Amino acid sequence: MSKISEAVKRARAAFSSGRTRPLQFRIQQLEALQRLIQEQEQELVGALAADLHKNEWNAYYEEVVYVLEEIEYMIQKLPEWAADEPVEKTPQTQQDELYIHSEPLGVVLVIGTWNYPFNLTIQPMVGAIAAGNSVVLKPSELSENMASLLATIIPQYLDKDLYPVINGGVPETTELLKERFDHILYTGSTGVGKIIMTAAAKHLTPVTLELGGKSPCYVDKNCDLDVACRRIAWGKFMNSGQTCVAPDYILCDPSIQNQIVEKLKKSLKEFYGEDAKKSRDYGRIISARHFQRVMGLIEGQKVAYGGTGDAATRYIAPTILTDVDPQSPVMQEEIFGPVLPIVCVRSLEEAIQFINQREKPLALYMFSSNDKVIKKMIAETSSGGVAANDVIVHITLHSLPFGGVGNSGMGSYHGKKSFETFSHRRSCLVRPLMNDEGLKVRYPPSPAKMTQH
């Protein structure tokens, strides 16, 4: 038996022992994870700096703080969520107990991603632990420093059998997917998401797939362009554009395209200076392969700003493209880099049509001072989530589930939705053995004639 199979077998045995069932045990494990973050914060920040060139402030406020907040929220709310939930009774069930009981699914596989390798690996794990599951954790091999660190420190704080960390690349992930799990959560590309779902189908394992897509950003003529462009520039170029819910491209009327370019440039210079390469706040591309892919998308385009790169350091300058042809390569795949195309449309209706002709994105953004424009855009399009007059922040809230639709994924998590995703809501009816006389009508033999209703 391979090491991977042995780890999954131990996780299954540990879950079957029943020790994750008591809420106190789950809370103890969440508190241990809390201590891990607090005591290993410098090591976590160092790994993020090595993998993605994140400085201490960005590492903490883009990744670490959200996990700490999620843990605190789970600990606070767990007794309420885990309690049996009474449901409405009928006249025939007045003497019965009717309720929904949340039970853990079993052994959950969480396959993390590299762009936010701490947050997007550990935050789903928090929900799975709170729901009482065993969790097999597979960090992304591309963020190798974080993957190595997690494999070292998690066993020092959490139950070693219940929460194993498996490192490796495609061969190890392929082997993992041959095992039987009770739920799989994967964050990454649509192509790999299809592979995950195919593997899960063998055992009818439910999946949560957090995928990507080209998240549109419509900028209406009727809005404060200074504010809009500052917020767009922040969300797009954070982490060097490597954010699954980053605005992928802008849709706007041609009459305001030049204004948008100038205001984006102004914000970028305020954020990162004249040379973003020297900025401690500006990230780097994760790998040489991704660097070449993103640089290739710029070729042949009309560059209004940036467009340069340094392969040795995997740096790509903040780049704005104008008058982009919707059929060009940069509009055919999720960019996942610091390149912002602008596509011109003549009306709100044309923007909606443009969005609806493409796969459903993970996020949809719009900037307008007109509530009717915002309501129309939301009503007539589909996406995993929406933010109006801002970007990205909707995924940071406990109260809003984070997930995709169609090609951008299925299922969701965050806050209470995480607990529900990793739980089976079991319908329960408990009936007394007395009063069987009242049930005689259901027993054979049935009457020869139907009575009048």
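Glycine residues also receive a Cβ, built from the backbone N, Cα and C atoms like all the rest.
Sequence annotations record features per position, and here Swiss-Prot assigns N-acetylserine to Ser2. Under DSSP, Ser2 (N-acetylserine) is assigned to coil, being neither helix nor strand in the three-state scheme. Neighbour list (Ser2 (N-acetylserine), Cβ cut-off 8 Å, at least 6 residues apart, same chain): Glu175.
Here Swiss-Prot flags Lys178 (among others) as N6-acetyllysine. In sequence order, Ala199 make up the list of same-chain residues 6 or more apart from Lys178 (N6-acetyllysine) whose Cβ falls under 8 Å from its Cβ.
If you look up Swiss-Prot, you'll see Gly188, Ser189, Thr190, Gly191, Val192, Gly193 marked as NAD(+) binding site. Taking all protein chains in view, 23 other C-beta atoms sit within 10 angstroms of the C-beta of Gly193 (NAD(+) binding site).
Within the same chain, no residue at least 6 positions away from Lys194 (N6-acetyllysine) has a Cβ under 8 Å from its Cβ. For the recorded site, Lys194 (N6-acetyllysine), the DSSP three-state label reads helix. According to Swiss-Prot, the N6-acetyllysine annotation covers Lys194 (among others), on the basis of a large-scale study or a structure entry.
Counting only same-chain residues six or more apart in sequence, the Cβ atoms lying under 8 angstroms from the Cβ of Glu210 (active site) belong to Leu120, Leu185, Tyr186, Thr187, Gly188, Cys244, Leu362, Phe402, Gly403, Gly404, Gly409, Tyr413. In the three-state DSSP reading, Glu210 (active site) counts as strand. What Swiss-Prot lists as active site is Glu210 (among others).
Swiss-Prot lists Cys244 (among others) with the feature active site, giving experimental evidence as the kind of evidence. According to its DSSP assignment, Cys244 (active site) is coil. Take the CB of Cys244 (active site) and look out to 10 A: across all protein chains shown you find 28 other CB atoms.
Non-local neighbourhood of Ser189 (NAD(+) binding site): Leu211, Gly212, Glu334, each in the same chain, at least six residues away, with C-beta under 8 Å from its C-beta. Summarising the environment of Thr190 (NAD(+) binding site), the number of other Cβ atoms within 10 Å of its Cβ, over all protein chains shown, is 19. A simple way to gauge crowding: the CB of Val192 (NAD(+) binding site) has 17 other CB atoms within 10 angstroms, across all the protein chains here. Taking the centre of the Cβ atoms of Gly188, Ser189, Thr190, Gly191, Val192, Gly193 as the NAD(+) site, the nearby residues of that chain (Cβ within 8 Å, site residues left out) are Tyr186, Lys194, Ile195, Ile196, Leu209, Leu211, Gly212. Least packed by the Cβ count within 10 Å, out of the binding-site residues Gly188, Gly191, is Gly191.
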